[in-house]
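Asks: Found this in Swiss-Prot, in case it helps:
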{"type": "TRANSMEM", "residues": "87-107", "note": "transmembrane segment"}
{"type": "TRANSMEM", "residues": "122-142", "note": "transmembrane segment"}
{"type": "TRANSMEM", "residues": "144-160", "note": "transmembrane segment"}
{"type": "TRANSMEM", "residues": "171-191", "note": "transmembrane segment"}
{"type": "TRANSMEM", "residues": "211-233", "note": "transmembrane segment"}
{"type": "TRANSMEM", "residues": "241-261", "note": "transmembrane segment"}
{"type": "TRANSMEM", "residues": "301-320", "note": "transmembrane segment"}
{"type": "TRANSMEM", "residues": "325-347", "note": "transmembrane segment"}
{"type": "TRANSMEM", "residues": "407-429", "note": "transmembrane segment"}
{"type": "TRANSMEM", "residues": "458-478", "note": "transmembrane segment"}
{"type": "TRANSMEM", "residues": "482-502", "note": "transmembrane segment"}
{"type": "TRANSMEM", "residues": "582-602", "note": "transmembrane segment"}
Amino acid sequence: MTMHTTMTTLTLTSLIPPILTTLVNPNKKNSYPHYVKSIVASTFIISLFPTTMFMCLDQEVIISNWHWATTQTTQLSLSFKLDYFSMMFIPVALFVTWSIMEFSLWYMNSDPNINQFFKYLLIFLITMLILVTANNLFQLFIGWEGVGIMSFLLISWWYARADANTAAIQAILYNRIGDIGFILALAWFILHSNSWDPQQMALLNANPSLTPLLGLLLAAAGKSAQLGLHPWLPSAMEGPTPVSALLHSSTMVVAGIFLLIRFHPLAENSPLIQTLTLCLGAITTLFAAVCALTQNDIKKIVAFSTSSQLGLMMVTIGINQPHLAFLHICTHAFFKAMLFMCSGSIIHNLNNEQDIRKMGGLLKTMPLTSTSLTIGSLALAGMPFLTGFYSKDHIIETANMSYTNAWALSITLIATSLTSAYSTRMILLTLTGQPRFPTLTNINENNPTLLNPIKRLAAGSLFAGFLITNNISPASPFQTTIPLYLKLTALAVTFLGLLTALDLNYLTNKLKMKSPLCTFYFSNMLGFYPSITHRTIPYLGLLTSQNLPLLLLDLTWLEKLLPKTISQHQISTSIITSTQKGMIKLYFLSFFFPLILTLLLIT
C-alpha cells in the first residue's frame, strides 16, 4: 500500500515543476511546449503502476497529511481519496491530455504565445485531477473553480475576436449559476454535518434533505451543460480546437457528472432526486441530438454530441448506476478527443473552413484523418466492439431492465438513434462525394505531431473500452439472462439511426422538399433557446426598465411638481381670496327680497 500511495503522489506532484519553472524563468524558451508534453507523457507512464497495483489490491486509500485550518469544531485538512474512480480516471486524463498537447504542437505552431497556452493546458489538467482526487468538499471546490477559470482563459484565447470573448463570458456566467447550488450544498453540509468529508457526511446524513441534493444537481447541470444551462457548450467552440478537445473529453464538462458520482451514496436514497436526474438527462440527450442533426459547423456537431452523451451519463446516474456513468466518462474521452483532433486537422488543412457543406471527398486526400474520424463517429454511435459500445450497450441494457420511467427510457432510445444519424451524416458530407472546397487548397497531413496523437487515440477508441470494462464492475450485478429483443435494443436503435441518416442524405441530394419544415428551423436554431434567453428576454427587460422610470418620471413627478402643483395653488388661492361664487340668480334674489320687504313695510 505504501508503494501504491507513493507512486500516486509522485504522479500528481510530477506535473507541478513545469509551472514552477515559469515563475523562476518567465522568459521561456521555444522548448517549453515539448518539455510540458514530455512531462505529461512521463506522468502517464508512471500513473499506470499505481493503477495496476490498485486493481490487484482492490483497496481504497485516503491520504491526509496536512491540516489547512482548524476551528473550534471543524478541522480542515488536505485529503486525497484513491478509489476506483480517481485511480481509473487519472491515466485516462493524462493519456488524452498528452495526445492533445502533442496535437497542439502542430495546431498552435504559429501562435506567438504557445508557451503560455501549454501552461494553461497543464493547469487545466491539474485542477481536474485535484477535483477527481479530493476527499472533502472544500478541496473539490478548489478544483471545481479551477477548471471554470481555466476554461474562461482558454475559450477566450483568441481575445481579439469578439465571439471568443462573448463565449468565454457566457461559459463563466452559466457556471456561476451552477456554483450557487454548490455553495448552497457546502453551507448546508457544514451546518448539519459539521464536516465536508464525504464519509462523515454519509454516516451522519444517510437521508439528507432535498436542499443540498438539489444544490448538487444544479451545480452538475451548470458544469455539465444540461438543458437550461447548456448554451455555453456549443459557444465554447470559439476557442482553439485543442481547447475544445480537452474541455469536452476529460476535464470540465465531465466534472458535474463526477460530482454526482462522488455524492451518489447520499442521493441514491432520494427517489425525487433520482427521478429529476433521470428526466433532466433524458431531455438533454434528446434535445442535443436533435440540434446536432441539422448543424453544419463540424465542431458544433461534435460539441452537441458531447452534450448528448453528458445527458446519457445523467440518465445512468438517474437509474442508480454511477459505475456505468463513470465507465462512459472514460470511454467517451478517447473518441471525443479524437473527433475534435480530426475536425481540427480538416479545418486547418482547408484554411479554417468549418462548414461540412463545403467539404467532401476527403477520404482520398486525408486518409488517416478520415479513417480516424470514421472510427470515432462509429464509436460515438455505439457500433459493436468499439470503445463506445461497451458503455452505451450496458447503459441501455440496464435502463431496459430497471424499474424506471418509461417516458425517459423512450426518449433516451430515440436520442441514441439520432446519435447514429448525425454521426453518419457527418461522415457522408465530410469524407465522401465530390470535393466542394477550392481546388488550390494545399492539404498535407504528413506531420508526425498531427498523426501520432490521432493514431494513439484511434487505438484507444478501438481497444480501451474492452480493457476498462473488465476493471469496472457495476454497483449491482446484471441480470444473467434477458430476452433477445432487449439485448439487441442498442444495436437496433443504432442501425435505425444509420438508415435515417442515409434517407436524409438521399432527400438532400434529390431535393425532395422545396422548403425546410418547421422542425428543421427548431433544430437548426437550437430550439430558439439562445434567441429567446439571450435576445428577447433581455430586450424586454431593458425596455420595461427604460419605460417604467420614464413614465413614472414624466407622468407622475414632473407633472405633479409643475403643472398640477401650480394649478392646485391657483385654485386654492382663488378660493381663499374670493367669496364670489358666480351664482347670479341667488345674488339677484338676495337683492330683490329686501326691496320687496321694504315696500311692504312702507305701504
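Note that Cβ sites are derived from N, Cα and C of the backbone, with glycine treated the same way.
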Asks: Do at least three CB pairs under 8 A connect the transmembrane segment (301-320) and the transmembrane segment (407-429), leaving out pairs fewer than 6 apart in sequence?
Replies: yes
Asks: Can at least 3 Cβ pairs under 8 A be found between the transmembrane segment (241-261) and the transmembrane segment (482-502), with each pair 6 or more apart in sequence?
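Replies: Contact criterion not met.
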Asks: Restricting to the same chain and to residues at least six past its boundaries, which positions have a Cβ under 8 Å from a Cβ of the transmembrane segment (122-142)?
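Replies: Those are 12, 15-16, 18-19, 36, 39-40, 62, 64, 68, 76-82, 85-86, 89-90, 93-94, 97, 150-151, 154, 182, 185-186, 189, 195-198, 246, 250-252, 255, 258-259, 262, in sequence order.
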Asks: Are there residues at least six beyond either end of the transmembrane segment (144-160) with Cβ under 8 Å to its Cβ atoms? List them, or say none.
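Replies: Counting only partners 6 or more residues beyond its ends, the transmembrane segment (144-160) has Cβ contacts under 8 Å with 117, 120-121, 123-124, 126-128, 130-131, 167-169, 171-172, 175, 179, 182, 219, 223, 236, 238-240, 243, 246-247, 251-252, 255, 259.
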Asks: Any chance the transmembrane segment (301-320) and the transmembrane segment (211-233) are in contact, meaning at least three CB pairs closer than 8 A with a sequence separation of 6+?
Replies: yes
Asks: Counting only residues 6 or more past its boundaries, what in the same chain has a CB within less than 8 Å of a CB in the transmembrane segment (171-191)?
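Replies: Contacts of the transmembrane segment (171-191) (Cβ under 8 Å, skipping residues fewer than 6 from its ends): 74, 137-138, 141, 144-145, 148-149, 151-152, 155, 201, 205, 208-209, 211-223, 225, 229, 231-232, 235-236, 256, 259.
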Asks: Using Cβ atoms and a strict cutoff of less than 8 Å, what residues sit near the transmembrane segment (325-347) while being 6 or more residues removed from its termini?
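Replies: Long-range Cβ neighbours of the transmembrane segment (325-347): 84-85, 88-89, 92-93, 96, 99-100, 103, 107, 241-242, 244-246, 248-250, 254, 257-258, 260-261, 298-299, 302, 305-306, 309, 312-314, 316-317, 353-354, 359, 362, 366, 369, 372-373, 375-377, 379-380, 386-388, 390-392, 394-395, 430, 445, 450, 453-454, 457-458, 460-461, 464-465, 468-469, 472.
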